[in-house]
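*Asks:* Before I ask anything, let me first share the structure, which is written out below as structure tokens.
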């Protein structure tokens with residue numbers, strides 16, 4: 001028998017319209033009610049403690065929950081902010097994230113909460129809840145394809161690019177400047193370029209926009225505007241990359257021929273030894289084969305070998321020269337000949353030679369681009385650590401090389417030669433053949449290694465043109481063709497213009513703003529120091545001095561080339 005209260009509830013339920021069916025809740029959210037056909041019994045499963053047990057609720061229509069609604073997920077922390085880089089030829093605000101940089105984060109991603117292409121920026125913009133869209137092209141280009149570099153890689157690349165054959169010409173500048181002004185000029189140039197190098201490392205990441213400037217030309221265009229940036233920086237950067245590769249073919253090929261002659265000597269039985277052009281070709285083929293490594297991080301081992309060999313032959317050259325002693329009748333009086341105007345231009349040309357010895361600034365941003373960077377761990381910290389170590393070694397090579405080379409040879413060093421030329425000219429019979437061969441091998445290996453890092457911006461530029469048009473990564477076979485074409489174009493230029501090294505002073509004047517002037521103006525434009533502050537005065541002074549010195553050095557280089565003459569021999573390398 002039913003109680004009166006139960007019968008009343010049943011009557012009330014049966015009095016509701018038939019169009020309002022009773023739909024049970026999902027098993028995971030609400031209890032299930034079972035009614036028999038005769039309403040003889042009502043077994044009710046008790047509700048959970050969080051739901052009030054009101055019997056009248058069962059008479060109301062209940063809309064079932066959809067399957068797409070899931071319980072609230074647990075909170076997952078977002079990854080740390082990453083700095084990203086614009087492409088070389090496209091807008092810096094595009095729509096895919098920097099995959100390589102995101103791999104460095106150990107915090108798990110939060111799926112379903114934030115789209116994959118959105119990454120929070122640094123704290124100033126994070127407070128404003130601003131987001132950025134990133135460029136997928138960086139993951140396709142050889143400079144930014146891999147971002148797992150570190151301070152050691154940075155030191156290898158910086159040392160390989162910061163010291164090279166151009167350092168062997170420093171004693172020639174001392175013959176014009178003399179002891180005092182030679183050492184002063186070399187010291188001032190070293191400190192000056194180290195300061196601008198520090199500015200470049202700091203400017204690599206823009207904390208206001210969250211963008212990484214992974215290439216020198218990108219930073220120049222972002223600072224000065226597209227037209228002015230390309231006008232001022234495109235040619236010097238292009239020369240410092242492609243022109244240096246041509247000079248390396250000339251030096252590497254000539255040294256390879258010299259090595260063969262040293263090892264073979266007078267007992268050479270080969271009736272037809274390789275010509276200079278053929279040695280250029282051999283060097284180019286080796287360089288092109290090594291150039292097939294995909295990106296800048298992948299050549300870290302090659303840069304290490306190049307750095308070690310550069311330190312090796314610089315140390316060996318000044319050590320052997322000092323051990324052999326000064327040449328007879330050596331004079332240290334500065335060379336002063338011709339009219340007063342000619343002397344002034346010779347002096348300025350010597351300063352251009354010193355400026356040319358400090359190349360490599362056009363690669364600093366590219367080297368730093370191979371490192372991961374985040375808000376808590378910016379890339380400037382390991383980059384500057386690697387730069388400090390590498391430039392300590394560079395100083396230990398350049399200063400002894402210039403001072404000891406000038407002490408050993410004085411004004412007798414060839415005007416258009418180098419320490420290597422002087423060593424073979426004056427000590428080829430005194431020094432053992434094995435030592436001369438070892439120095440030559442070091443020079444060749446360093447030239448092949450430097451070719452890779454100086455050619456990388458050109459490889460990046462060619463592949464950027466392809467990826468911009470095709471919207472996809474460059475296939476491996478096309479990448480190989482691009483790099484082979486570049487290598488053999490440089491070979492053609494080296495054969496056609498073998499006297500390129502005679503323009504060291506002129507080239508130093510053209511490339512000087514990239515090293516000494518532009519970074520100061522970039523700092524003023526981006527950082528905006530207080531007017532008339534110490535930073536404001538220093539950067540304006542150094543920037544204007546660098547631009548003025550560049551113009552004077554270019555004029556002096558042209559005058560010296562015209563006045564002294566250059567042995568021009570197109571398509572006839574000696």
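Glycine is treated like the rest: Cβ placed from N, Cα and C.
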*Asks:* For the transmembrane segment entry in TrEMBL, name the matching range from 129-150, 503-524.
*Replies:* 503-524
*Asks:* If TrEMBL is the reference, give me the range from 80-113, 182-215 marked as region 'Disordered'.
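*Replies:* In TrEMBL, residues 80-113 carry the label region 'Disordered'.
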*Asks:* Which residues of the same chain, at least 6 past either end of the transmembrane segment (300-320), have a Cβ under 8 Å from a Cβ in it?
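*Replies:* Distant Cβ neighbours of the transmembrane segment (300-320) are 149, 152-153, 155-157, 159-161, 163-164, 167-168, 290, 293, 390, 393, 397-398, 400-401, 404-405, 408, 419-420, 423, 427, 431, 435, 438-439, 441-443, 445-446, 448-450, 452-453.
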*Asks:* Restricting to the same chain and to residues at least six past its boundaries, which positions have a Cβ under 8 Å from a Cβ of the transmembrane segment (435-455)?
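*Replies:* Non-local partners: 157, 160-161, 164-165, 240-242, 244-245, 248-249, 251-252, 255-256, 258-259, 262-263, 283, 286-287, 290-291, 293, 296, 299, 302-303, 305-307, 309-310, 312-313, 316-317, 320, 363, 420, 423-424, 428, 483, 486-487.
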*Asks:* Please check if the transmembrane segment (276-293) comes into contact with the transmembrane segment (476-497), where contact means 3 or more CB pairs closer than 8 Å and the residues in each pair are separated by 6 or more positions.
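*Replies:* As far as Cβ distances go (cut-off 8 Å, pairs 6 or more apart), the transmembrane segment (276-293) and the transmembrane segment (476-497) touch.
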*Asks:* Where else in the chain does the transmembrane segment (237-256) make close Cβ contacts, counting only residues six or more beyond its ends and a cut-off under 8 Å?
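*Replies:* Beyond its ends, the transmembrane segment (237-256) has Cβ neighbours at 165, 216-217, 276, 279-284, 287, 359, 362, 420, 440, 443-444, 447-448, 450-451, 454-455, 457-458, 486-487, 490-491, 493-494, 497-498, 500-501, 507, 510-511, 514, 573.
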